[in-house]
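As recorded in TrEMBL:
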DOMAIN    9-199  domain 'Thymidylate kinase-like'
BINDING   G11, G12, E13, G14, G15, G16, K17, S18  ATP binding site
Amino acid sequence: MQKGFLISFEGGEGGGKSTQIVRLREHMTSEGFDIVVLREPGGTAISEQIRDVVLSAKNIGIAYTTEVLLFQAARAQLYREIVLPSLEAGKVVIMDRTRDSSVVYQGMVRGFGKELIEQLNNISTKDTYPDLTFFLDVDVTTGLQRQNDAGGNNRMEMENLEFHKKVRDAYVQLARENSENRWVTIDANKSIDAVEKTIWEKVQTALELR
Ligand code: TYD
């Protein structure tokens, strides 16, 4: 590989992103890849502090503009500290959410618009896009139920059903518009094992492992 490879996981609540990331990491590690796993917002000491502010259920008074900028601030720090140096070093970086979460949640659902958010994303990531993006598409009610069972709702998860439906519709639209390139939509209503298999096959194909 010339440079590293960036894989992102996207989708609404309860799609099983973190479970699938653990499994993908195991597959890739046993293939001998040097893997870095990160989540957004978060992933560095500074970005985790920003995460606390932007997601705390206490901060219901946060302005949407503040929310937009805090997600970007956490991202800018993470890319500079870890993502870009890791890619430069030829590693595979697996991310639990990144720029497309801002396009969906802030751009399309909160209404700031895709264009503005992509401009900010480009500043935060230094024009870096994932090479491969998995959209784990789960039925909204099932997803919220899974999330509740996992315990503890953050500020975004406390939004109403209508909000979460809009999130899902926005992801479907974005993935459809970009289906020829990096986006792969996965039916996350299926079993964990079935989803794992599909993801691993796609990654193997993308990395020419088979
Ligand atoms: P998290 O608990 O990590 O959720 P999940 O397990 O669903 O990934 O919370 C992240 C929340 O922040 C999630 O509701 C999506 C939201 N978010 C944005 O609104 N914009 C962003 O740019 C990012 C990265 C996340």
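Along the chain as shown, the residues are counted starting at 1.
Quick reminder: no glycine exception, Cβ is built from N, Cα and C everywhere.
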Annotated binding-site residues E13, G14, G15, G16, filtered by Cβ under 6 Å to ligand 1: E13
Which same-chain residues, if any, lie at least 6 apart from G12 (ATP binding site) yet have Cβ under 8 Å of it: V138, V140, G143, H164, V167, R168, Y171
CB contacts for E13 (ATP binding site) [other CB atoms within 10 A, all chains]: 23
Any further residue of that chain within 8 Å (Cβ to the Cβ centroid of G11, G12, E13, G14, G15, G16, K17, S18) of the recorded ATP site: L136, V138, G143, R146, Q147, A188
Fewest-neighbour residue among binding-site residues, criterion Cβ within 10 Å, set G15, K17, S18: S18
Neighbour-count leader, CB within 10 A, binding-site residues: G11, G14, G16: G11
Mean of pLDDT values spanning the domain 'Thymidylate kinase-like' (9-199): 96
